[in-house]
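Chemist: In case it's useful when we look at the structure, here is the feature table from Swiss-Prot:
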type: MOD_RES; residues: Glu4; note: 4-carboxyglutamate
type: MOD_RES; residues: Glu9; note: 4-carboxyglutamate
type: MOD_RES; residues: Glu13; note: 4-carboxyglutamate
Amino acid sequence: GAKERNNAEAVRERLEEI
């Protein structure tokens with residue numbers, strides 16, 4: 001669903017921070 005896709009994007013952004 002759209003929620004899952006949004007979550008994946010947020011996770012990617014967090015990974016960039018690490």
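Quick reminder: no glycine exception, Cβ is built from N, Cα and C everywhere.
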Chemist: Measure from the CA atom of Glu4 (4-carboxyglutamate) to the CA atom of Glu13 (4-carboxyglutamate) and give the result in Å, rounded to a whole number.
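Modeler: Per the Cα atoms, Glu13 (4-carboxyglutamate) and Glu4 (4-carboxyglutamate) stand 14 Å apart.
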Chemist: Hey, does DSSP put Glu9 (4-carboxyglutamate) in a helix, a strand, or just coil?
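Modeler: In the DSSP reduction, Glu9 (4-carboxyglutamate) maps to helix.
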